[in-house]
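Per TrEMBL, these features apply:
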- 21-44: transmembrane segment (TRANSMEM)
- 56-80: transmembrane segment (TRANSMEM)
- 112-133: transmembrane segment (TRANSMEM)
- 139-165: transmembrane segment (TRANSMEM)
- 172-190: transmembrane segment (TRANSMEM)
- 259-280: transmembrane segment (TRANSMEM)
Amino acid sequence: MTWKTVMDDDLLGVRRSRLGQGVAATTFVFTAGIAILVALAHYSNPGSEAPTFDSIMLLIGGILSVILPFIAMLGSYGAIIQERETGSVRFLLGFPNSRLEAYVGKYLSRSVLFAASMALGLVVVAGVGFGVLRQPDVVSFLAFVVATLAFGIVFVGIGLAASAVLDSETQATTGIISAYVLFRGVWPVMQWGGLWLTRPDGELGARPYPEWYFYLGRFNPMNAYVKLVNVIFNDDSFLPLLLTNAQGPEAGFFAVSEWYAIGSLLVWLVVVPVLGYLVFKNKDVL
């Protein structure tokens, strides 16, 4: 067997599983659902003017930034740990499979599952966007597709890494929940904690914020994705739906640029799966 055989076998199994079907359906619903509701609202009020393409895409991007990470991790966190708990890991890692081939095959199968369900949802979004909404833009939509797929696959990799390095399904579940809490809740606390430690009393929230505050904040993949969505559809203007801080004197920092956001996503996309594999290849899993 090769990584491709592992990928094909895993895809077949995950497509048949309730969890795999649930993850695919949930990804599709949250991607396409808003677009469908917008279309229904428009056609139920024939005299009303359709909303703009950019406004609806900002709404979809804002919702996906919150929902997609957990869905993607849920689809990959059991990829290896469930094989260990059922004992089938002996077949997965049996000759001629190497651990690298097993890991890559699992990573690709879970990424394909996520990408396929996301693509179906985005087809619906495109149909509504270009058929109903005002002022659609092909280039902006394609940029959104690339950013969203990369964002989701970042969390597929995090879920797989948890599955590979932890010792039980309970631990892996705790791991992905902890990762979500870290990015969604603990990260901004870390930023404000840094301000509290480095600023005198009465100046905690004073602008401009130091540059490290933005380097840390935008390194969070959720924040990086939100930045890219705002650049694509809102010319990087302040929008309370997506951003908590209005543009201020810090606008010239490299850390608040779209290039830093792209770099952050790429780092998470590459480094986490690699680190997960490096631990997995020397781990006693039999």
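Any Cβ shown, glycine's included, is placed from N, Cα and C.
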Please tell me whether the transmembrane segment (112-133) and the transmembrane segment (21-44) touch - that is, whether there are at least 3 C-beta pairs under 8 Å between them, with each pair 6 or more apart in sequence.
yes
Can you name the far-off residues of the same chain, 6+ from the ends of the transmembrane segment (139-165), with a Cβ under 8 Å from a Cβ of it?
27, 53-54, 57, 61, 64-65, 68-82, 103, 106-107, 110-111, 114-115, 118, 122, 126, 129, 172, 175-176, 179, 221, 224-225, 228-229, 232-233, 265-266, 268-269, 272-273, 275-277, 279-280, 283
